[in-house]
Structure formats: structure tokens, C-alpha cells
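Per TrEMBL, these features apply:
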type: ACT_SITE; residues: ASP67; note: active site, proton acceptor
type: SITE; residues: ARG12; note: site 'Important for substrate specificity'
type: SITE; residues: THR68; note: site 'Important for substrate specificity'
type: SITE; residues: GLN150; note: site 'Important for substrate specificity'
Amino acid sequence: MRFFILASQSKRRVEILKMLGYHFFVVPSLAQERNEGEPLIVARRNAYDKALKVWKEYKFATVLGADTVVVLGKKLLGKPRDKEHAKAMLLSLSGKWHKVITAVAIISPKGRVLFHDTAWVKFRNIDEGEIDEYIKTGEPMDKAGAYAVQGYGARFVEKIRGDFYTVMGLPVVKTDLFLRRLLD
């Protein structure tokens with residue numbers, strides 16, 4: 001199997017791709033992330049822009065870019081700006097279902113593919129003390145929706161409907177399928 005480039009500095013995406021046995025280089029994308037608009041369009045555009053920005057530098061290679069957004073009602077929850085913003089996000093998610101969309105773009109000399117997957121997550125009721133304790137860990141500060149489903153934030157998750165890995169940042173089945181097609 002050939003190598004590819006992951007246009008992301010997400011430790012979670014690196015972990016997932018290594019778990020699947022892929023060999024890749026990490027080249028963080030400098031594409032500007034959008035945080036406003038219709039959530040599905042925002043996620044898909046961000047994923048594509050990240051992949052394209054890196055692919056323009058390495059046109060011989062296959063490049064994977066991804067973006068995850070959290071949606072509560074019609075409101076898009078990106079990465080928190082600061083601790084207060086993270087606290088407000090987590091309080092708003094307490095006791096509620098929300099949607100997590102992860103979009104993936106793969107650009108290669110063989111072609112381009114853009115897809116997404118959606119999962120639903122229900123938080124249990126959480127109090128301000130728990131949220132303050134969580135924020136002190138630093139974990140929520142670079143995560144969409146201000147939580148990591150695979151980390152300390154897992155204690156807030158009551159139920160997941162859909163692919164756990166979509167919530168973590170990379171839908172495994174679809175990503176593996178398309179990578180295999182474009183790398184072989």
C-alpha cells in the first residue's frame with residue numbers, strides 16, 4: 001500500500017489511521033476554517049479546503065483532509081475560543097442530544113472524493129463543577145463542541161447513535177473504503 005498525506009494535526013485522526021494500519025505523513029493544512037453557515041456545508045468545505053491546500057504543494061500524492069462539527073439544534077459548535085466559551089458549550093449540551101458531522105476529502109492523482117458521516121450523541125446532565133474540572137484538564141480547548149468522546153469527556157456521553165469514530169473525528173468504514181480505492 002502506498003503512503004498518503006494527512007492534512008491535519010489532529011492526534012485523534014492520526015490514532016485512527018494508525019489503528020487501521022495505514023502509513024502516512026502528517027502535513028498540517030494552513031487552510032482557513034469556516035465556522036459559520038449551514039453545518040454540513042461548513043464541514044464539507046473545510047475538509048475539502050484543508051486537503052486542497054496541502055495537495056497543491058504535493059500534487060503527486062494522495063491527501064486526506066477532514067473536519068468535524070457539532071450541531072445543537074441549528075447552532076454550529078466549533079472549537080471553543082476560550083475557557084468561558086467551552087463552559088457555555090458544555091452547559092448547552094448538558095442533558096441533550098446533538099449531532100456530530102465529520103466530513104472527509106481525499107484528493108489524489110486518481111481522483112477526488114468528498115463524503116461525510118453523521119452520528120447523534122446524548123449527554124447526561126452535567127453540573128458546572130464537573131465542567132470546570134473538565135476544562136482544567138485542557139482537553140476541550142481544541143475540540144469541536146468542547147469535548148473529546150475518547151478522553152475525559154467520555155464521562156458525559158450517555159448514548160451514541162451512529163459511528164463512534166465519526167464522533168472521534170474520522171468515520172472508519174467510509175474512510176477506509178475510499179482510501180483503498182484511491183491508493184491501490
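Cβ from N, Cα, C; glycine included.
Most buried of the recorded positions ASP67, GLN150, judged by other Cβ atoms within 10 Å, is ASP67. Counted within 10 Å of its Cβ, the other Cβ atoms near ARG12 (site 'Important for substrate specificity') come to 20, all protein chains included. Secondary structure at GLN150 (site 'Important for substrate specificity'), taken from DSSP and collapsed to helix, strand or coil, is coil.
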